[in-house]
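S.K.: Got a structure for you, questions after.
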Amino acid sequence: MKIIVLMMMLFAAFSAVVLADKSIEDAALDTVMDRDDDKKECIGHMGWCAWTDGECCEGYRCKLWCRKIIDWLG
């Protein structure tokens, strides 16, 4: 009986540590992701751009989806 109680207490302690670690990790990621809020979002290579408000990234143009601008004449 003592072993069962000990195992339950160890399981509860381990679960608490894991949950605390996960919440700290999520909080750290939230602060990192918030730094890019000032950047304008753009649609990258092969991203659907037709009939949307988004614009293609620099060096791409919209022809149903964002395609790379190729300068054939050099």
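Each position is counted from 1, following the chain as shown.
Quick reminder: no glycine exception, Cβ is built from N, Cα and C everywhere.
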S.K.: Of the listed cysteines Cys42, Cys49, which one does Swiss-Prot record as disulfide-linked to Cys62?
M.R.: Cys49
S.K.: What's the CA to CA span in angstrom from Cys57 (disulfide bond) over to Cys66 (disulfide bond)?
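M.R.: Here the two Cα atoms lie 8 Å apart.
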S.K.: For Cys49 (disulfide bond), just count the other CB atoms lying within 10 A of its CB, please.
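M.R.: Cβ-Cβ neighbours of Cys49 (disulfide bond) within 10 Å number 20.
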S.K.: Find, among the disulfide-bonded residues listed as Cys42, Cys56, Cys62, the one whose Cβ has the highest number of other Cβ atoms within 10 Å in the structure shown.
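M.R.: It comes out as Cys56.
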S.K.: In the three-state scheme derived from DSSP, which category covers Cys62 (disulfide bond)?
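M.R.: SS state of Cys62 (disulfide bond) = strand.
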